[in-house]
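Here the structure is laid out as structure tokens; the discussion comes afterwards.
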Amino acid sequence: MRQRKNGSSIKHPNLSDAEAKSQKKSPYSSKDVFLTCLGFRMLNALLIQTYFNPDEHWQALEVAHRIAFGYGHLTWEWEEGIRSYLHPMMFALFYKLLALLRLDIPCVMIKAPRLLQSIFSAVGDLYLYKLSFVLFGDGVAKWALFSQLANWFMFFCFNRTFSNSLETTLTLVGLYYWPSVRSSLNKAPSGSRKWGLALAALACAIRPTSAVTWVYVGLLELYLTHDRLRFIFVELIPIGSVVLGITCLLDRLMYDSWVLVPLNFLKFNFLSSGGDYYGTHKWHWYFTQGFTVMVFSFLPFCVAGIIKSKYWKLSGLILWVLGLYSILGHKEFRFVLPVLPISLIFGGYSLAALDERGSRNGAKKRSSCICNKWPSRKQLAIFFLLASNIPMALYMSLIHQRGTEDAMNYLSKEAAKGKVKSIVFLMPCHATPYYSTLHNNLPMRFLDCAPNKGMPTESDRFMMDPVSFAVDFAKNWSHPSHIVLFDSEERHLKDFLVSHSFREVRRFFHAHFKVDRDLQASVVVYAD
């Protein structure tokens, strides 16, 4: 890659002269890009109305709500010390601010966390643009950003309050500051490696599995740098120690004892395969299903971009992360979210190179009517990508599995009016949001599913025989004012509900097709 003295990229060797002209200098300031992305992500956040994975609520917002307001459920992971308070503390401070401003009302409590996350997502978008620009120039950067904003899974997942979402943002910012990721002809500013190290350490503190990404980048730096001793002893160890120390102090304060979360996390998920309790997949799942679905219709463009660019540093990172995560039995889409934007950079590279080659050589010989009649290959590609990703993004964000969110939003508003006294959830554990959405300190009970040395959990026993479980369960309950359940279990429990004087008050659509269980088409709320 050739570079001007002022540091801006002129041309990547695999792009045409015409494309290179648009890459000499970005016509967009960082402020313009950020504000554009922020507006998009805030709208994105407001459009997300569906339930994806329990961790969005139970490992972030529920914990934050307990810190800020004194009530909220801590799952068994917090009792075992395999989660750090660093990520939920961010939302706890936000909740405290809302309470101070007297804005902790149902509609705000429901929407505000994802709106906060949209700010971090916009930062991630900005640094994807900046990283693409320093690697390949503006002609690629703007199409990489288009790919990021248009990809259905980024729209569906990036604004959710997962630790993986913040990890993804930190990864993009950190890679931008990491010297070894760049071309030797496009050096990072002096001191940027320290920023990259700090961001890498913070990402690992929030989510220890982020070390999978940063081990690769660190080894790359160790191989390419000429000051290895300085890198290890003056930067890596001191910066890593400071971030680890701050994290340990915070966890010491919150756990009320010394807890080394990364070590506990490593023991549970890697040494004892504790994550397998939540299900396993074939080793090739990320390659054949998981990551392929995430990239979706951008896949051929990403592959073409990897081949055309020959930029092995980033493409090697994608393969490294997918390969190491494939070793683990328990797999989820969100685990590999940090490398999805990197793949989309290559999609942007492919789109930037997708001009009609003939238009540079023999297009002048063609009649103008032919040129006007047929769209260019790039226009067709853009139409294809938007036509395939927009419906998918909107369906998954607005429709699929929205019933559990709608039911809790309804109960939150009813509780604020004093119409709810207590709630029992007769459904698989963690299937709905909890106190962080209800925002009312009422008695609630869900079916426990903490690992129990091979013994069936409450959630398991209920799913095996709903009627017998409900009859036994009712012998010891304090009669609730409301019961929430899926329609797939409702048909088994009709007589039980009638015999205990419950009547249906609301029914919410949930899904058109099953995910990992029988079809749960709707969520039903019963009241006494």
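Numbering starts at 1 and runs along the chain as it is shown here.
Cβ atoms here come from the backbone N, Cα and C positions, even for glycine.
Nobody curates TrEMBL annotations by hand; they come from automatic prediction.
TrEMBL lists 1-11 with the feature compositional bias 'Polar residues'.
Under the heading region 'Disordered', TrEMBL lists 1-24.
As annotated by TrEMBL, transmembrane segment applies to 152-177 (among others). Residues 41, 44-45, 48, 52-53, 55-57, 59-61, 87, 90-91, 113-114, 116-118, 120-121, 123-124, 127-128, 130-131, 134, 188, 192-193, 195-196, 199-200, 202-203, 206-207, 210, 213-214, 217, 293-296, 333-335, 337-338, 340-342, 344, 388-390, 392-393, 396-397 of the same chain lie 6 or more positions beyond the ends of the transmembrane segment (152-177) yet place their CB under 8 Å from a CB of it.
Look at TrEMBL and you will find 197-217 (among others) tagged as transmembrane segment.
Beyond its flanks by at least six residues, the transmembrane segment (229-250) meets 84-86, 89, 193-194, 197-198, 201-202, 204-205, 218, 221-222, 258-262 of its own chain at Cβ-Cβ distances under 8 Å. The transmembrane segment annotation in TrEMBL covers 229-250 (among others).
Beyond the transmembrane segment (284-304), the same-chain residues lying 6 or more positions past its ends with a Cβ under 8 Å from any Cβ of the stretch are 147, 151-153, 322, 325-326, 331-333, 336-337, 339-340, 343-344, 346-347, 350-351, 381, 384-385, 388-389, 392. Under the heading transmembrane segment, TrEMBL lists 284-304 (among others).
Sequence annotations record features per position, and here TrEMBL assigns transmembrane segment to 311-329 (among others). Residues 135, 180-181, 212-213, 216-217, 220, 269-270, 273, 275-276, 280-281, 283-287, 291, 335-336, 338-339, 342-343, 345-346 of the same chain lie 6 or more positions beyond the ends of the transmembrane segment (311-329) yet place their CB under 8 Å from a CB of it.
Sequence annotations record features per position, and here TrEMBL assigns transmembrane segment to 335-354 (among others).
The transmembrane segment annotation in TrEMBL covers 380-398 (among others). Nonlocal intrachain contacts for the transmembrane segment (380-398), taken as residues 6+ away from its ends with a CB within less than 8 angstroms of a stretch CB, comprise 44, 47-50, 146-147, 150-152, 155-156, 296-298, 301, 351, 354.
Nonlocal intrachain contacts for the transmembrane segment (197-217), taken as residues 6+ away from its ends with a CB within less than 8 angstroms of a stretch CB, comprise 84, 86-87, 163-164, 166-167, 170-171, 173-175, 177-178, 180-181, 235-236, 239-240, 242-244, 247, 261-262, 265-266, 269, 316-317, 320-321, 324-325, 335, 338-339.
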